[in-house]
Amino acid sequence: MMNIGVIFAGGVGRRMNTKGKPKQFLEVHGKPIIVHTIDIFQNTEAIDAVVVVCVSDWLDYMNNLVERFNLTKVKAVVAGGETGQMSIFKGLEAAEQLATDDAVVLIHDGVRPLINEEVINANIQSVKETGSAVTSVRAKETVVLVNDSSKISEVVDRTRSFIAKAPQSFYLSDILSVERDAISKGITDAIDSSTLMGMYNRELTIVEGPYENIKITTPDDFYMFKALYDARENEQIYGM
């Protein structure tokens, strides 16, 4: 059974205020963010293949990056859809073409470059044991729910609160079945794969990941990634 990373790099980075270049292609130490992300999957032995879902206007650019950085596990680069959900669906369809039978798919954000091999392996193991894996971190602060009047309607028990991140992983046949049924019913804009699977009452299993597994969405996130990346490099160089 194959383990396939489906890496979503479909955003255009409006909140980053970048001029012309989508956020996933911004460079840190001479390497685009999306390449930093793919590198983790490339260097994880358990990963057999990677599918990249890309902004349609940047397909050639992404293919050039695959060649330039020798990302040999990237077997397909496909154009995204009109929504995040539809983009992921296109990536899953490409994964289906690669898989010889059912597969474990790890759906990941291209702008989460601080994932690690341990979490990827834990996702794969969780899918094999329970059918799903949603990489998450424990909430450090209290989560509250609000009503339409912006009044707090519920204070959530922090000891039971997690923040869902990525990868979010499933058997390919399971997530594709749900995606196809949802699309047939006009559901095309679920916020993420775990939300969609939850709508279909599928059991979802937590896999705890690192807090530094941030999604680079704003300039603050970008500079935080640079700082964390430099800290990791210094640890390797100086044995800190």
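Positions of Cβ are set from backbone N, Cα and C atoms, glycine also.
Here Swiss-Prot flags Phe8, Ala9, Gly10, Gly11, Gly81, Glu82, Thr83, Gly84, Gln85, Met86, Ser87 as CTP binding site, drawing on sequence analysis. Among the features that Swiss-Prot reports, site 'Transition state stabilizer' is placed at Arg15, Lys23. Annotated site 'Positions ribitol 5-phosphate for the nucleophilic attack' per Swiss-Prot: Arg158, Lys215, in sequence order, evidence recorded as sequence analysis.
Taking the Cα of Arg158 (site 'Positions ribitol 5-phosphate for the nucleophilic attack') as the reference point, the closest of the binding-site residues Gly10, Gly81, Thr83, Gln85, Ser87 is Gln85. Reported as a whole number, the C-alpha separation between Phe8 (CTP binding site) and Lys215 (site 'Positions ribitol 5-phosphate for the nucleophilic attack') equals 12 Å. Shown in sequence order, Gly10, Ser87, Phe89, Lys90 are the residues of the chain, 6+ apart in sequence, with a C-beta less than 8 angstroms from the C-beta of Gly81 (CTP binding site). Taking the C-alpha positions, the distance from Lys23 (site 'Transition state stabilizer') to Thr83 (CTP binding site) comes to 17 Å. Thr83 (CTP binding site) sits 18 Å from Lys215 (site 'Positions ribitol 5-phosphate for the nucleophilic attack'), taking the CA atoms of both as reference points. Within the same chain, the residues at least 6 positions away from Lys215 (site 'Positions ribitol 5-phosphate for the nucleophilic attack') whose Cβ sits under 8 Å from its Cβ are Asp109, Val111, Arg112, Lys165, Ala166, Asp221, listed in sequence order.
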